[in-house]
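Structure record follows, encoded as structure tokens.
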């Protein structure tokens, strides 16, 4: 082949490639943009009455704040840096209406419940905490002290959470009384100087008995992901007094050795009787900056015919579903008035508490039991990152909160909502024998999500609505493990995951409130299971076989229905109505708990009262407006005499037959940290939840009426009438992409003006 021919062929090839690229680009440019307006026609309208469940608006928060601060007899400060010795308006949150009033308004045109708020004041000058009902909104005229009414006793001031104002004083105290006095040790052991410091992480509870406020603080290198960079220094400070000048250092732990005071450590360090920690730089193995340059995009989803859900104010409609939603600063995600095909199934589905119990030989972890609602679960719902935390095309919703601040904060895009193809069919069958056909349906569901970053851990909270009439609420954990310095004996409590770093064993227990109303508020609690029975064969009476048989029971009282984790529980748990479906079976919803929890804290431990809900996989109680939550803001810092002891909800052993029933469901997982938790714990396998599934509630699977069904028979493979997938190429469109923005750092905690 001559050189000329070779060059002609090469040129011809290049022209062909360029021509193909041009054609593809021109064709792609002609693709229509996907419609932003849904083709789906919604049944019914948004329920304006759902606004009674809506979180307080920024204006309402300000009205309550200003009203309370203007009551001269209360002498309240709204400055976020108020000292513990002052009186501080810590929290404003929506007061949920009484259930009977809410149902009357929703269903029977009864008067709209008065909109009110709860205000929590820490009275440092008086030594107690007060809770007030403040209302009405929007034009506030009254406040009422409801502390004793709610908790049957006054709340001591040391039951309060640590505020930003108290943290600022703690940081100042540590710097002056520990870091500065230990100057040489801090420099030689940890490279601390005026330019470099250490970060503290608290153990909780703060003491070993009621009234104490003594906190072990473990120190970590000042790096991103500090939680897995322990340095081997822990300090116990006594901050019981609201007067910071009376605080003191009680004990210190340095490289596994205890000291009675800062002076004691200095003396022994100088005398050479201490095994010294010698500082050396380390790579920040906790950094989440990718170690390989990001080079591509993961698969994305978009709405070819517009979104099939609609959000108006705090009300959502999706195919046959509708519900109202809110985000409590303390407990986090909650939804109300969940309806399917117009019938209410759930009155309230909400997060209640997230708890972790740790094991360690070092004091910062050895007693640690975190109760996150005492810090605020919903408080730390920051902006979600488009395309990572939620699909890029999701709908994002802002929230406002007032907790430990001077004014309400806006948290942009802190809730997301999206319809999601789970990647597996909801149902399907390929018929191979006799008549041939295929019938199936994509499992496309609506996901309602927020993510809360509480200290080191991030929790993903999902409420998922399926076209089969099922609702799932689940949680997944990610973020950083808590760790401690590797000293002798600590390997009994975890695995080494980095140099001098032990990932400490811990449990995750999550509690949900499930207030099911199955065809009304008069329900019963049923269990179903199986057992093998030795049965005579009807056609051969002399022969026997072990055959599984259905076992059913109806539990009558709250104590019977408190199903402990350490006992065998029936596999099927039902909230049932007294009405039957077409086939004569009671219409019900099943509680299917997905859980991998460790053991709950033994009841002999004095702190267990504050987490007594964790004893039970499921507990069923009669609904009471006075039993609104399973935990409280005060459980963490007064664990020994908690304001809310869930076990007392069960002690009166009331009847649960034909009553308005509430299920309290506990789920979670045991976490034994391992090397793959560095730098970050992944969500895979780290979660749990509860699925609410119809059980004889319908006469057939309601998804058979879904517009997503597919049916193929021989000869109709390309027919679009019963198979929209066959027409997908004709309906191709290019997605409308929103610009990427992120404002998540606006709502972070600040410890100075």
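The backbone N, Cα and C atoms fix where each Cβ goes, and this holds for glycine too.
Nobody curates TrEMBL annotations by hand; they come from automatic prediction.
Residues or ranges marked as active site, proton acceptor in TrEMBL: 372. Other C-beta atoms found within 10 angstroms of the C-beta of residue 372 (active site, proton acceptor) number 25, with every protein chain shown included.
Sequence annotations record features per position, and here TrEMBL assigns active site, schiff-base intermediate with substrate to 457. In this view, residue 457 (active site, schiff-base intermediate with substrate) is surrounded by 23 other Cβ atoms within 10 Å of its Cβ, with every protein chain counted.
Taken from TrEMBL, the feature domain 'Copper amine oxidase N2-terminal' applies to 70-141.
Counting residues of the domain 'Copper amine oxidase N3-terminal' (160-256) by DSSP class, helix then strand then coil, yields 30 helix, 29 strand, 38 coil. Annotation source TrEMBL lists domain 'Copper amine oxidase N3-terminal' at 160-256.
As annotated by TrEMBL, domain 'Copper amine oxidase catalytic' applies to 300-704.
Marked as 2',4',5'-topaquinone by TrEMBL: 457.
The transmembrane segment annotation in TrEMBL covers 7-29.
Looking only at the domain 'Copper amine oxidase N2-terminal' (70-141), the predicted model's pLDDT averages out at 97. Residue 457 (active site, schiff-base intermediate with substrate) sits 10 Å from residue 372 (active site, proton acceptor), taking the C-alpha atoms as the reference points.
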